[in-house]
Amino acid sequence: MNWTSLVYLWFIFKSIFADLTSHQLKSKVVFLDTTISDEVARSYLGSEDGNVTHGNYEILSIANGANDGNITSYLCQLPRTKKMAPTKPKPTMSVHELKSRAIDLISESFVEGTSCVFSFNLHANYWTIGYCHGINVIQFHENLDDFISGIHKPHSPNHVYTLGNFSKQTSPLEFEFDTKERTISQRLLGEVCDLTGEPRTIDTIYRCDHILEIVELTEIRTCQYELHINVPKLCSLPEFKRTNLEEGVSEILCTRIE
């Protein structure tokens, strides 16, 4: 599927699924590895008087090229907008055991590759945030070229701020597990803030996702921060896996029409 098709797809879904946005739902399009005949697909759209016989369906046509006129059509089932209560997994271990296992998985994630991850232009569209597991969390300003190169050269060496330092010994007692958000967090103390005269604090919040990365840094109060980090290995624990329903994501299932 080329960029022309993707743009075309976006505008079609933006139009036919506009009613979903009013319910503050996010939609994920899933193209099924199955096919359906045109006759059967049309039957799912309802009778000529407009009565829907099999649910809420639309036919989506995607242009495969810019000018070749080749079009692929799909029968797409729109998600129902009624609210459903997400089911929570049954605990597989005690909270203490869960936190211990999560801590190990987080540590393993950084041992396998590098101990540090960086995110450019994250905080106020100015700062680079560096998370070095077991060492510290820092913020500094750098040029885009330095970020891309991986050298991470601060533009002003005297303005590298330590938001938090890790302790030498990590204990599960330092961590909080949020059953609702399915996250685990740890509070770190950093260097003294010149505005408050107190140490900077940062809550590092880890969650299950498919890419190891810094997602967001928020300054809640002066020199008090929240850092959100995605850790794929946490997804191996059911207590950290979030369903589409919990994420506010509904699937639009599309089957190719032959």
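Positions of Cβ are set from backbone N, Cα and C atoms, glycine also.
The annotation signal peptide is assigned in Swiss-Prot to 1-18. Here Swiss-Prot flags Asn2, Asn51, Asn70, Asn165 as N-linked glycosylation site, drawing on sequence analysis. Residues annotated as domain 'MRH' in Swiss-Prot, with sequence analysis given as evidence: 114-237. The disulfide bond annotation in Swiss-Prot covers Cys116-Cys132, Cys193-Cys223, Cys208-Cys235. Here Swiss-Prot flags Trp127, Gln139, Asp194, Arg200, Glu219, Tyr225 as mannooligosaccharide derivative binding site, drawing on similarity to another entry.
The binding-site residues considered are Asp194, Glu219; of these, Asp194 has the fewest other C-beta atoms within 10 angstroms of its C-beta. Between the CA atoms of Glu219 (mannooligosaccharide derivative binding site) and Asn70 (N-linked glycosylation site) there is a gap of 51 Å. Nearest Cα neighbour of Asn165 (N-linked glycosylation site) among the listed recorded positions (Cys116, Gln139, Arg200, Cys235): Arg200. A strand conformation is recorded for Asn165 (N-linked glycosylation site) in the three-state DSSP classification. Note: the Cα of Cys208 (disulfide bond) and the Cα of Asn70 (N-linked glycosylation site) are spaced 40 Å from each other. Considering only the residues assigned to mannooligosaccharide derivative binding, Trp127, Gln139, Asp194, Arg200, Glu219, Tyr225, the longest pairwise Cα distance works out to 18 Å. Nearest neighbour of Asp194 (mannooligosaccharide derivative binding site) by Cα distance, taken over the recorded positions Asn70, Cys223, Cys235: Cys223. Taking the Cα of Cys132 (disulfide bond) as the reference point, the closest of the binding-site residues Gln139, Arg200, Tyr225 is Gln139. Note: the Cα of Asn70 (N-linked glycosylation site) and the Cα of Gln139 (mannooligosaccharide derivative binding site) are spaced 50 Å from each other. Asp194 (mannooligosaccharide derivative binding site) falls outside any helix or strand according to DSSP and counts as coil. Every protein chain shown contributes to the tally, and the Cβ of Asn165 (N-linked glycosylation site) ends up with 17 other Cβ atoms within 10 Å. For Cys116 (disulfide bond), the spatially nearest entry among the binding-site residues Trp127, Gln139, Arg200, Tyr225 is Gln139, judged by CA separation.
DSSP gives Cys235 (disulfide bond) a helix state. Looking at Cys223 (disulfide bond) and Arg200 (mannooligosaccharide derivative binding site), their Cα atoms lie 5 Å from each other.
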